[in-house]
Each structure stands twice: as structure tokens, then as C-alpha cells.
Amino acid sequence: MKLSASMEKALNEQYVKELYSAYLYLSMSKDMKREGFTGYASWLKIQHDEELEHAFKISDYIEDREGVTEFGAIDAVTQHFDCPCQVSEAALKHEEFISDSIRSLFKQARAEGDLETEVFLQWYITEQVEEEANAHEIVDGFKATEDDKAAFYSFDQSLKGRKE
Ligand SMILES: [Fe+2]
Ligand SMILES: [Fe+2]
């Protein structure tokens with residue numbers, strides 16, 4: 001069944017938000033690389049790749065439901081960071097924003113009686129729980145070690161363990 005025009009528009013907006021997420025994480029990755037935090041830089045680059053997958057999944061779904069993927073404007077990323085603590089806090093804040101956005105989409109699907117989109121979005125709701133938990137873990141890791149240079153460095157390097 002074809003998507004409603006309003007659901008198609010909302011999904012296309014989420015598509016752009018996921019692309020923006022990728023853009024944001026890539027910029028954070030570059031900042032961390034520049035500052036010598038190569039562990040977190042690598043983690044953030046993998047997160048960038050994952051955000052692209054989130055976006056592609058949405059456009060595939062829009063098309064499966066006879067909609068058209070729209071290429072709205074992606075905001076510029078203008079803020080630069082020099083400390084991984086600030087990056088991790090900003091990443092957590094961003095994920096909370098994305099979770100809110102997914103919740104609104106889900107509520108819209110429910111209000112419209114669009115069962116297929118509800119089911120589709122369940123994956124994103126579960127994913128956001130994981131995203132927020134991961135972001136919290138990194139905030140805590142940098143916070144717990146910030147007064148000990150060696151421990152701070154070794155926490156950064158531990159983030160290289162992320163493979164996908
Ligand atoms: Fe995402
Ligand atoms: Fe994830």
C-alpha cells in the first residue's frame with residue numbers, strides 16, 4: 001500500500017536527519033583524529049557508516065511503499081571539538097534528539113493507522129535504545145578517566161575495538 005503524503009514527507013525528513021547524523025559523526029571523527037584520539041576517531045567513523053545504513057534503510061522503505069526519496073538540505077556542521085569529553089556529551093545529546101524524532105514518527109504512523117510503518121519503525125526504536133546506551137558508556141568512560149592522562153589515553157584506545 002502506498003504511503004500517505006504526510007508519512008512520506010516525515011520519513012523523508014528522517015532520512016535527512018540520518019544523513020546529518022553521518023555528517024556530524026564524520027566531523028567529530030576528523031576532530032578527534034586531529035587531536036590525537038585515534039580510538040574515538042575510529043569509533044566515530046564506524047558510527048558514520050552506521051548512520052548511512054540507517055538513512056539507506058529509510059529510503060529503501062519509502063520506495064518499497066511507492067514513495068519517492070527526497071534529497072532535502074543537510075545542515076552544515078560548524079562546531080569543532082578538541083576534547084573527547086565534549087564530543088561524547090554532544091553525541092549523547094544528538095542521539096536523544098534522534099530518539100525523540102523516531103518517537104514522533106512512530107506516533108504519527110499510529111495516528112494514521114499505518115501499521116507497516118509502525119512495524120518498520122520498531123527497529124529504529126530498539127536501535128535508539130542501543131545508541132543512547134553506547135553514547136552514555138563513552139561519556140562515562142572519558143569522565144571517569146579525565147584526571148589520569150594514561151587512563152584517559154587507554155580508554156580512547158579501547159574504542160578501537162569497535163569493528164562494526
Ligand atoms: Fe541513526
Ligand atoms: Fe547502532
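The count begins at 1 with the first shown residue.
Even glycines carry a Cβ here, placed using N, Cα and C.
Copied over from TrEMBL:
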BINDING   E18, E51, H54, E95, Q128  Fe cation binding site
DOMAIN    1-146  domain 'Ferritin-like diiron'
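Within the domain 'Ferritin-like diiron' (1-146), the DSSP-based counts of helix, strand and coil residues read 117 helix, 0 strand, 29 coil. When pLDDT values are averaged over the domain 'Ferritin-like diiron' (1-146), the model yields 98.
Taking the centroid of the Cβ atoms of E18, E51, H54, E95, Q128 as the Fe cation site, the other same-chain residues with Cβ within 8 Å of it are K17, S21, E50, I98, Y124, E127, E131. Among the binding-site residues listed (E18, E51, H54, Q128), E18, E51, H54 have a CB atom closer than 6 Å to some atom of ligand 1, in sequence order.
Sparsest Cβ environment among the binding-site residues E51, H54, Q128 (other Cβ atoms counted within 10 Å): Q128.
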